[in-house]
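K.L.:
First the structure, then my questions, so here it is.
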Amino acid sequence: MNPVPGGAQGYLPVGARTGGAVPRTVPTRHEGSSRRAEARDLGKRAHDLLDTGRHEDAVDLYTRAIELDPHDARYFGDRAYAFCALRKYEQAVADCKMAIRLRPYLSRHRIQLGRALFGLGHYQEAIRSFEWVLRRDPTSEEAEKEVHAARVHLLLSMGFDIEEADRALQANGGDVERAVDALRRPPRVGPKMDPANPRGWRSLRVRGITTEVTRDTLWRHFSAYGFLEAVQVRHERNRALVTFRKPEAATAAMNSMQGKVFCGQRMELRFADTPSAPSQPKPVDADPGGGGCEQASGDACAGAVGGGLASSTARAQTVRPEFRAEQNECPSWRQLGWCRYRLNCHQKHLLWHQGIDRKPAPDDERP
């Protein structure tokens, strides 16, 4: 061991022994501390931008913060939140996975990952992410709400009705497989399914309605059995309500159209005990010759129903669901689509309610 100038004993630096310069492949401790401080400052500025709804600018600042300090999971998680607010769910999933890799046991990143997967329509993967949180924290109300919503939407994607799916999940403890078995089990024949219509109901609830089926289409087909008072279509619930003037017409339609294939979906009819609805104007038949819902097979989609359907240019757009506000739900999340407190908010942020109360701009103000 060679003496070091100054009297201290030890090893000489590599550069001193070799006569060359010391290669600097990593920043010094001072430089690393400075970069982390700058990243924290960018993160705070990005947080303020999120509070004002400037999500694009917040993404840019979080990206710069990640370049300075790529080992801090908070920047990836916060940028994923901004991506979700911008409906950029694929980028949000990538950021959530990186945040989980850095902090694998932090629940909020798993919740954010589940929301991003929910936005992509990957309901089964979202369910697994929320269930991971519930296994670690069974008291998490946020994860419980999110996993229930993902399960309901998974059943909706299978063609089930939203109310039936919700009841089946609650009756089976949230088990999706058992809920599907219960929904596919033949229903009990009650008075609303009795084709004799013993109680003289005038309305029919039609289930299995696709977005290709319009009000005009249903009016044209059901009016063959009697005078109609109203036809209401709810695409977000996969159902419609058809009201006749006389019970005999509803009975005839029930016996003729029950179980028929309509636009590729088997219809289920049952009588409905509804109050008298105001009469609606008869729709103008813009296609008296009858068109057809274009399908891959090229067949008419109305099986044994007969008649033409609305042309493909008159297909209905998916109606935006109007869910009632739940208790302790964040109004900013429903009205603006974002919340300044994000995951720290004490109120509920339900993904399927994001921006649902946002009012559209008037026609003269739209770009």
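Placed from the backbone N, Cα and C atoms, the Cβ positions cover glycine too.
Annotated region 'Disordered' per TrEMBL: 1-41, 273-295, in sequence order. Here TrEMBL flags 28-41 as compositional bias 'Basic and acidic residues'. Residues annotated as repeat 'TPR' in TrEMBL: 39-72, 107-140. The domain 'UBA' annotation in TrEMBL covers 142-186. The domain 'RRM' annotation in TrEMBL covers 202-274. The annotation domain 'C3H1-type' is assigned in TrEMBL to 324-352. The annotation zinc finger is assigned in TrEMBL to 324-352.
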K.L.:
By DSSP assignment, list the helix, strand and coil residue numbers for the domain 'RRM' (202-274), in that order.
P.N.:
25 helix, 27 strand, 21 coil
K.L.:
Do you know the DSSP helix, strand and coil residue counts for the repeat 'TPR' (39-72)?
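P.N.:
The breakdown for the repeat 'TPR' (39-72) reads 27 helix, 0 strand, 7 coil.
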K.L.:
In the same chain, which residue numbers or ranges, 6 or more beyond the ends of the domain 'UBA' (142-186), come under 8 angstroms Cβ to Cβ?
P.N.:
107, 111, 114-115, 118, 121, 123-124, 126-127, 130-131, 133-134, 207-208, 236-239, 265, 348-352
K.L.:
For the domain 'UBA' (142-186), what are the DSSP-based totals of helix, strand and coil residues?
P.N.:
35 helix, 0 strand, 10 coil
